[in-house]
Every structure is written in structure tokens, then in C-alpha cells.
């Protein structure tokens with residue numbers, strides 16, 4: 001540290017560098033109901049005390065900079081500064097600490113996830129005093145939550161729009177994700193919806209490419225939806241991806257979807273950005289469209305255990321920004337997640353009030369007040385044999401999305417959809433009869449095969465499929 005030097009022209013101002021912990025480490029601080037609270041996993045550089053590292057995070061993500069400045073005297077730092085108020089070691093990890101930081105609410109623009117993240121994680125992750133930094137959780141106070149619209153509609157309104165109750169919803173991502181013409185794409189949509197699915201879906205990178213422009217896709221998918229609805233008597237939907245290179249183009253696509261009368265559109269909220277996502281969510285609420293959210297790019301941010309951001313933070317941010325569905329892992333299949341941790345952020349998406357529970361990765365009690373809930377979407381390498389586990393784990397307020405598990409059926413797309421619908425109905429009936437899906441799942445599926453040759457064929461194809469890869473990190 002360089003020495004502090006008092007200038008002749010000042011009284012009380014000392015130029016130079018001082019330790020962050022002298023100002024920003026305040027273990028005596030009592031948090032306020034209006035504070036935004038953050039739990040950071042901090043890995044300091046060798047020789048940096050955890051108190052200094054935690055204080056540095058609080059400083060660099062709020063009012064601090066690397067040196068004392070004249071203009072500190074023109075405001076009240078005690079009112080606006082972030083505070084590291086508690087530090088605890090991470091069990092089983094060397095030189096890792098959970099540092100809790102409290103931010104005054106006045107630091108953040110109302111109704112802006114963009115500003116919230118710019119402040120809390122925008123700059124501090126490149127700080128030299130830290131080897132690694134991960135934002136594990138945020139507590140969003142009700143006073144700040146009430147400045148957001150949140151999901152366009154929420155779980156109950158979606159069920160009322162679809163007139164579907166008492167079971168999970170079924171979906172399918174159209175494959176191959178790229179390369180189909182708009183007409184062939186629409187054909188696949190029709191076959192899946194006609195077979196019994198509630199939704200089909202554009203993949204995250206289906207936007208408006210030379211082989212299939214967005215307007216053509218929207219038209220053929222709308223035709224497929226209306227034809228399937230007429231033949232089944234059920235309300236159907238296809239997640240029309242409105243993600244685009246500009247907000248203006250995105251809204252233009254959403255407007256066209258509304259004019260076609262379809263029930264739902266889609267957005268890639270991380271690659272598209274929170275400003276674009278909130279803009280689209282507001283449009284969807286005002287115009288009666290449901291909004292499906294894909295989390296493309298999330299693993300770039302959340303996969304490393306000691307650096308980045310946990311998905312529960314991204315999930316909370318999405319609930320603030322707005323979305324009626326979001327992909328949330330499966331616990332089974334090719335994109336597995338730890339069961340308790342996954343269910344922790346699933347509850348944060350759906351429930352009005354979630355208690356602190358460190359065993360489930362929930363660092364803070366979260367009260368969502370009246371903000372609508374978000375339906376979690378389970379997708380990625382799942383098939384009919386997973387249906388009992390998925391029904392038990394995710395419950396009714398979920399979307400179970402089978403891409404290859406529908407389109408990979410040996411008899412075609414529609415039989416694949418039939419197989420999934422029969423498997424789901426069998427699991428829901430068994431659950432309602434009091435049977436244990438975890439213990440009797442395979443038996444329940446085999447019994448249903450007697451009444452559905454489509455399900456029997458699917459069970460035969462996928463009976464040996466597992467996604468088991470040795471962990472290398």
C-alpha cells in the first residue's frame with residue numbers, strides 16, 4: 001500500500017490508497033428489509049485476507065474505486081456503499097469463502113434487471129485481488145420486486161388460457177434444429193401436436209436463416225396449430241422464436257405472431273439481453289401472448305463451480321424480467337442437474353415464498369409478494385422411461401419437453417407424440433391412485449404398453465439409452 005498524504009488545500013481529505021476493509025467490511029451491520037443481499041463465493045489471491053477480498057467485492061460493485069477521490073466528500077458513502085457484513089469458509093474447499101454483501105436499494109434503477117446486474121456483477125469479476133468469484137444467490141427485497149412487471153401471465157393464467165389442468169404439459173423441440181424448409185417444419189409441428197402434445201418448439205438458434213425465413217415459419221406453424229386444434233379439440237401452441245438482431249425486429253415478429261392468433265412466442269433471454277427480454281415481456285402481457293424463455297448461453301456463465309453465476313440467480317433475474325416458461329434442467333437425461341439444487345431454483349421460479357435452505361442452495365429467504373410464477377421446462381435427452389421420475393420430481397406445474405424422445409420414434413413423429421402422451425397420462429393416473437412413481441415407475445410404463453403399441457415401440461427403442469460420461473473436472 002502506498003502512504004496516504006494529506007494535501008495542503010484540504011481539511012480531512014487524504015490522497016492515496018487505503019485498504020477496502022477499513023470502509024467496506026462492516027461485520028456489525030444489520031441488514032435492512034430494503035437491502036439487496038448477495039452471497040459471493042470468493043477465492044482470494046494468495047496473501048489476500050478474506051476480509052479484504054470481501055470488502056473489495058462490496059466496494060467495486062458499489063461506490064468504491066482503487067484510490068481515495070475528492071468527490072467522496074460530496075456524497076454520503078455510508079448511505080450508498082455496499083457492505084460486506086459476514087464471511088464464512090466454504091466447507092471442504094481450500095481458500096474459498098462465502099462473502100455476504102448488502103447493497104442499499106437506492107443504488108439501482110427501478111424495474112431494470114440490466115442495471116441490477118451491471119452494478120453487482122458488471123465489473124468486479126476481473127478484479128486482480130481475486131483468483132475467482134461466483135455469485136451464488138441474491139435476495140431481492142419486495143420493495144424492489146414491486147417495480148417489476150415480471151412474467152407476462154404466470155402459471156394459473158396460462159392454464160386458464162389453455163384449459164388444461166391436473167397434469168404437466170408436454171412439449172417437443174422440432175429436430176433437426178436447422179436445415180428444414182418452412183413447409184416441412186410445419187408438417188413436423190402438425191404431426192406432433194396431432195399426436196397429443198400441447199406444445200412444439202423452435203430451437204434456440206432458429207431465427208431467420210436463408211433456408212427458413214421467420215415469416216414463412218410462422219405461417220406454416222400457425223396452419224399446423226389450427227389444423228391440430230380442429231382435429232383434437234385441444235388448444236395447441238408452438239413456441240415461435242421472436243429473438244432477433246434488434247429489439248425493433250423482435251417486436252415486429254411478436255406483432256405478426258399476435259396477428260396470426262397463436263398463443264405463445266419465445267425468446268433467448270441471455271443472448272438477446274435483459275433489456276430486450278423485458279421489452280418483449282411487456283408486449284406479451286399487453287397483447288395476450290404467453291412467453292417461453294430459452295436459456296441459451298447459461299452454461300458459459302453458470303457451469304464453473306467457483307466462478308461466474310449460479311443459475312438460481314439467472315432464474316430470479318428472469319422472473320423479474322419476465323417469462324412464462326424457462327428451461328431448468330431435468331435431473332435426469334443428458335443435461336442432468338443435482339436434484340435438490342435443481343428443485344431449489346424450480347421452487348424459486350414457481351412459489352410465492354421460499355425459505356432459506358442451504359441444503360438446496362438457497363442462501364436467503366425470498367418473498368416474491370404478488371409476482372406471477374414461471375413454469376419450469378424439463379428438456380434434454382429425456383424419453384418415455386423418464387416419465388415417472390419427471391412427473392414425480394417436477395409435479396403438475398411444469399412442461400416436459402421431449403425432442404429426440406418424440407421425433408426419434410421408429411414409427412414417426414405422431415406415434416412418438418402418442419407414446420409420450422400415453423406415458424404421461426398413465427403416470428398421472430397412477431400418482432392420483434396413490435402409487436409410488438419412484439418405486440413403481442417402470443411397472444406403470446410397462447402396464448400402459450399393453451394398451452398402446454406406440455408406447456411399446458418407444459420403450460423398446462430407448463430401453464438401453466443412458467447418458468453416462470466420466471467427469472473430467
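Note that Cβ sites are derived from N, Cα and C of the backbone, with glycine treated the same way.
Annotated N-acetylproline per Swiss-Prot: 3, in sequence order, evidence recorded as sequence analysis.
If you look up Swiss-Prot, you'll see 14 marked as N6,N6,N6-trimethyllysine, on the strength of sequence analysis.
The substrate binding site annotation in Swiss-Prot covers 123, 173, 177, 295, 327, 379. Taking the Cβ of residue 173 (substrate binding site) as centre and 10 Å as the limit, one finds 24 other Cβ atoms among all the protein chains shown.
Residue 175 (active site, proton acceptor) has a Cβ environment of 16 other Cβ atoms inside 10 Å. In three-state terms derived from DSSP, residue 175 (active site, proton acceptor) belongs to neither a helical nor a strand segment and is classed as coil. Taken from Swiss-Prot, the feature active site, proton acceptor covers 175 (among others), and the record attributes it to sequence analysis.
Shown in sequence order, 173, 174, 175, 177, 178, 241 are the residues of the chain, 6+ apart in sequence, with a C-beta less than 8 angstroms from the C-beta of residue 203 (Mg(2+) binding site). For the recorded site, residue 203 (Mg(2+) binding site), the DSSP three-state label reads coil. Here Swiss-Prot flags 201, 203, 204 as Mg(2+) binding site.
Residue 201 (Mg(2+) binding site): 29 other CB atoms within 10 A of its CB, across all protein chains. The feature N6-carboxylysine is assigned by Swiss-Prot to 201, with sequence analysis given as support.
Look at Swiss-Prot and you will find 294 (among others) tagged as active site, proton acceptor, backed by sequence analysis. A sphere of 10 angstroms centred on the C-beta of residue 294 (active site, proton acceptor) encloses 28 other C-beta atoms.
The site 'Transition state stabilizer' annotation in Swiss-Prot covers 334.
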Next on the checklist: Fewest other C-beta atoms within 10 angstroms of its own C-beta: which of the binding-site residues 177, 295, 327 fits that?
Outcome noted: 177
Checklist outcome for this item: The rounded CA-CA distance in Å from residue 295 (substrate binding site) to residue 204 (Mg(2+) binding site) is 8
Next on the checklist: Can you tell me which of the recorded positions 201, 204, 294 is spatially closest to residue 327 (substrate binding site)? Compare CA atoms only.
Outcome noted: 294
Next on the checklist: Which one is it, among the recorded positions 123, 294, 379, that lies nearest to residue 204 (Mg(2+) binding site) by Cα separation?
Outcome noted: 294
Next on the checklist: Within 10 Å of its Cβ, which one of these binding-site residues (123, 379) has the largest number of other Cβ atoms?
Outcome noted: 379
Checklist entry - How many Å separate the Cα atoms of residue 123 (substrate binding site) and residue 201 (Mg(2+) binding site)? => result 36
Checklist outcome for this item: Apart from the site residues 201, 203, 204, the 8 Å Cβ neighbourhood of the Mg(2+) centroid comprises 173, 174, 177, 202, 205, 206, 239, 241, 266, 294
